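Going by Swiss-Prot, these are the annotated features:
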type     : residues : note
TRANSMEM : 8-28     : transmembrane segment
TRANSMEM : 85-105   : transmembrane segment
TRANSMEM : 111-131  : transmembrane segment
TRANSMEM : 176-196  : transmembrane segment
TRANSMEM : 207-227  : transmembrane segment
TRANSMEM : 255-275  : transmembrane segment
TRANSMEM : 291-311  : transmembrane segment
TRANSMEM : 313-333  : transmembrane segment
TRANSMEM : 349-369  : transmembrane segment
TRANSMEM : 380-400  : transmembrane segment
TRANSMEM : 408-428  : transmembrane segment
Amino acid sequence: MKSIRYGVSLIALFALYYLLPLNFRLLWQPDETRYAEISREMLATGDWVVPHFLGLRYFEKPIAGYWINSIGQWLFGHNNFGVRFGSVFAITMTALLVAWLAWRIFRDKRVAIMSPVIFLTAMLVYAIGTYAVLDPMITLWLALAMCSFWGAAQAHSRSGKILGYVLLGVACGMGVMTKGFLALAVPVVGVLPWVIARKRWREVLTYGWLAVIVCTLVVLPWGLAIAQREPDFWRYFFWVEHIQRFAEKDAQHKAPFWYYIPFLIAGSLPWLALLPGALKRGWLERDEARGALYLLGWVAMPFLFFSIAKGKLPTYILPCFAPLSILMARYALEAAKTGAKALRINGMINLGVGLLGLIAVLVVSPWGFMHRPVWTKIELYKCLLAAIAFAVWALMGWLAMKDSGRRWSLAALCPLGLALLVGFAIPDRVIDSKQPQFLVDIVSESLQPSRYVLTNNVGIAGGLAWELKRSDIIMFDKQGELKYGLDWPDAQGSFVSQAGFADWLAAHRQQGPVSLVLLMDKGESMLDLPLPKPDNAYELGRVVFLQYLPQ
């Protein structure tokens, strides 16, 4: 009966975190609107080989992540839940793999249960796991690689080892098809410390070729198909999306070596106090037969790998949290048994985070000290919701601190207020520029019949295309990440320069209404735009809607 009650509680907690809020949060640009539209176009065209965005060639990533996202929209429809379902599905499967690996390594049911709980409630995991990007998918395949290699290494029969390496090849192959050759590098560096320490080179060399063959067989059908359809794909994807992004001096998203440390710290909330002890214990137990060193290798080596790379984004270290959550769960359970101070400190940290959040809400509110508050006076209910969210965090932290020996796991409830309320507390000024669904809904009656729709922002373009269910959105003045696709001869009609807009408008407005949705620079006004006078205009923060009717 007790186990049933715990099971129901965990399912309810998962639903509150990962299912209920999805449809009530507007899509963010540029990432969510981009991936929503790519998958919508895949379903609309039936082309499951070549990724397209706004009808243009879009070779930033391979195809498998788009497949998962497309299945989400196919199953649940054209809504925000369907867009985000792929990420939730991937992160949920990762959590189940975390539970499996925790059980296989430590043979402790409590560790196997708490590991996915810690994983799913860690802030970085939750933020990315409910956000429509491809990182949860690559995390799933890397977690499968981590589990399959361990299963193969611990198997006592030849067939068990073969099965493990076959699964490793499948995981690496799907990883390559999701986010590229990164899926080959991370497993290699992840297992390296354990293989060296345990002197398992002979076994790896004996069976490793099997994983390589299976990986190749997984990638080959689609790899050949897209090479036949789009011969330039592999050149662009390998050189631009791998070499230039990660290694060259002008790499995208350049950041210093220590860039990920703050994200590791903040992303570990509400379990931050467990982080030092978990890593330390993993190191101290490196010589034991259990897999502490194996888990530590999968945390530290990918973290160092991404830190060395010149191009960095917070989402890249998401795979590190799968093994880290197992180390943290084991350390927490041992701390509860021995009465260690770490659990009480964890409660104190969460109490402090909640109180600091409440103070921050007060400071940036209309009655705070900022010259330009985050929320305006008509958004007081949003201030209240934000305050409630942080109050929940503080309350759970306080309860966990008061009885850390028995209630330390209440830390899992700390982010629940944010999870349920953050979508309703986003300031209007942020919604206006970062969540284009809001504007599209306001001007939809004018947008729907438009013959041409133009925008100067790729993220807004994705939002317009997805909301209007049309891929013929035209880029105006700026090309951004669509430059490669726009450079092709068959895409010349998909871009209009600002200098040539007046002539283009004169030639096209008689075919039907022409609508522009433009993101202005900070401090810029609609009156500053060097454009012909529109017939209709609507300004919402930094976003302006202009419409030209036939004359």
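Heads up, the Cβ atoms here are built off N, Cα and C, so glycines get one too.
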Stretch with greatest number of CB pairs under 8 Å, the transmembrane segment (255-275) reference, 111-131, 349-369, 380-400 candidates: 111-131
Contact call for the transmembrane segment (176-196) against the transmembrane segment (207-227), three or more Cβ pairs under 8 Å: yes
Range from 8-28, 207-227, 291-311 with most C-beta pairs under 8 A to the transmembrane segment (85-105): 8-28
Cβ contacts the transmembrane segment (111-131)/the transmembrane segment (207-227), at least three under 8 Å, sequence gap 6 or more: no
Distal contacts, the transmembrane segment (291-311) - CB-CB under 8 A, six or more residues away: 105-106, 142, 146, 150, 185-186, 189-194, 197, 245-249, 251-255, 257-260, 264, 279, 281-283, 285, 317, 319-320, 322-324, 326-327
